[in-house]
Each structure stands twice: as C-alpha cells, then as structure tokens.
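Structure record follows, encoded as structure tokens.
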Amino acid sequence: MATDPDPLQDFCVADLTGKTSVNGYPCKPASSVGDEFLFSSRATTGGDPTANPNGSNVTELDVSEWPGVNTLGVSMNRVDFAVGGTNPPHVHPRATEIGIVLRGALLVGIIGSLDSGNRYYSKVVRAGETFVIPRGLMHFEFNVGEEAATMVVSFNSQNPGIVFVPQSLFGSSPPIPTPVLVKALRVDAEVVELLKSKFTPVGSDDKISCSEPLHDDFADLSVGTW
C-alpha cells in the first residue's frame, strides 16, 4: 500500500464534523456542495515566515484545509522562508513528498534509514528545480540564499502527517524522561534540560514552537558555500 486507499466514488467532499475512517472523512451529500471544492486559492499567498522562530511558514492544503481532497490520496503545502530560515528536520509518516522551488535557493537534506547507513543526501535546489523525499525519511530545507525563498510540495496522501524531530524529542507532552535522552544522545543531563527549556510542548492543533528566536549561527552560509 504505497498510498491512501482507493476512493469508491468520483468525489467525496469531507464532512470535517465527522470522524475519520480508513479512507478519510465521511462525504457531504452531493446536493449540498457545488464545484468550489475542486479549486483553492489558499496557496496564492503565504504567511509571514518571520513570525515563526524557525524562519519559515507553512500554508497547508491537506484535507483539513481543503476538504475536496478527501479520499483522493493527494495534498500539498506552500512553504515560505525568510533569509536563513529553515523547515527543521522532520518526517512524513504517511506520504512521499515531491516539491518544486519557486524562488530562492534551498539546501534540501535527506537522511536515509539505517539500511543505508544513515546516509546524508543534500543539494542546493534553485528556482524551477525539483526534489523528492521518500516516504518516512527524515529531511529538512534551509534557505541558503540572500533573499526570501518559496517552495510548493505535494504528497500522495490527503493527510501526510508530520513529526518534527527536535520538537518531538524535547517538547513532547508529557516530556520524555531525561535519563532516556541522556543515554540515547550520549550527553549530560544538563544539556538535555537546556534543550528541553528551548521548546514548548504543543497540542495537536498547534504549530511547532520554540522559546527562543533564530540566532546568527548560520550567517556565513550562502549559495556560494555549497
């Protein structure tokens, strides 16, 4: 099963008040929807990436934001980056991702599984160029250009899911016991506690958050560096 289960009808506009099942949300009656569910202008403009401590902003177009993709096994996001902004290391557990950079230059990094020896693949992807992220592999994007950047990505799932690695390790609710992280990361407890203090636990409906703004640690990274 490389994608969501196949739909059994032409369209199934999601009734978001219902509960999800194996194939998605229940369908609204065809008589109650027009044709607007086939179209969306949500991604024509992005949000403010400087409002996010990571320097990036995600405009989501999964089933919760675009009910027309319900049961179709597809969705997409627009991601805008400030200079030096990053979409931090994360995983989509339910989807392969394919993307195109619309403007700017993004360092796209992908980390293979243990089967590959945790090999790190990376390339600076520029406007008009594309990339693909295999399902379930950790990856990130980092703006290495001297201007704001934008990319659009698509998924073979109506709800690809996302697991942010730093947030999951240090901002889970309730928190992962410190001795577990000390052993796993091979650092002192003080380091773990410091990292935990940087992240605020978030609910399932909230965005990733960090208690401190971006620093200038990567100020020397530029397109010419790569």
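Here, residue 1 is simply the first one shown, and the rest follow in order.
Cβ coordinates are placed from backbone N, Cα and C, and glycine is handled just like the others.
Per TrEMBL, these features apply:
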- ASN77, ASN87, HIS92, GLU97: oxalate binding site (BINDING)
- HIS90, HIS92, GLU97, HIS139: Mn(2+) binding site (BINDING)
- CYS12-CYS27: disulfide bond (DISULFID)
- 41-193: domain 'Cupin type-1' (DOMAIN)
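Each of the binding-site residues ASN77, ASN87 was scored by the number of other CB atoms within 10 A of its CB, and the lowest score belongs to ASN77. Around HIS92 (oxalate binding site), the same-chain residues at least 6 positions away in sequence with a Cβ under 8 Å from its Cβ are ILE133, ARG135, GLY136, PHE155, SER157, PRO160, GLY161, ILE162, VAL163. Sequence-ordered, the extra residues of this chain that approach the oxalate site, with Cβ no more than 8 Å from the Cβ center of ASN77, ASN87, HIS92, GLU97, are VAL58, VAL79, HIS90, GLY99, ILE133, HIS139, VAL153, PHE155, PRO160, ILE162. The distance from the Cα of CYS27 (disulfide bond) to the Cα of ASN77 (oxalate binding site) comes to 23 Å. Shown are the disulfide-bonded residues CYS12, CYS27; the one with the most C-beta atoms within 10 angstroms of its own C-beta is CYS12. Of all Cβ atoms in the shown protein chains, 21 besides its own fall within 10 Å of the Cβ of GLU97 (oxalate binding site). Same-chain residues with CB within 8 A of the center of the HIS90, HIS92, GLU97, HIS139 CB atoms, the Mn(2+) site residues themselves not counted, are VAL91, ILE133, LEU137, MET138, PRO160, ILE162. Here the domain 'Cupin type-1' (41-193) has a mean pLDDT of 96 out of 100. In this view, HIS90 (Mn(2+) binding site) is surrounded by 19 other Cβ atoms within 10 Å of its Cβ, with every protein chain counted. Within the same chain, residues at least six positions away from HIS139 (Mn(2+) binding site) with a Cβ under 8 Å of its Cβ are PRO89, HIS90, VAL91, GLU97, VAL108, GLY109, ILE110, ILE111, ILE133. Rounded to a whole value, the Cα-Cα separation of ASN87 (oxalate binding site) and CYS12 (disulfide bond) is 32 Å.
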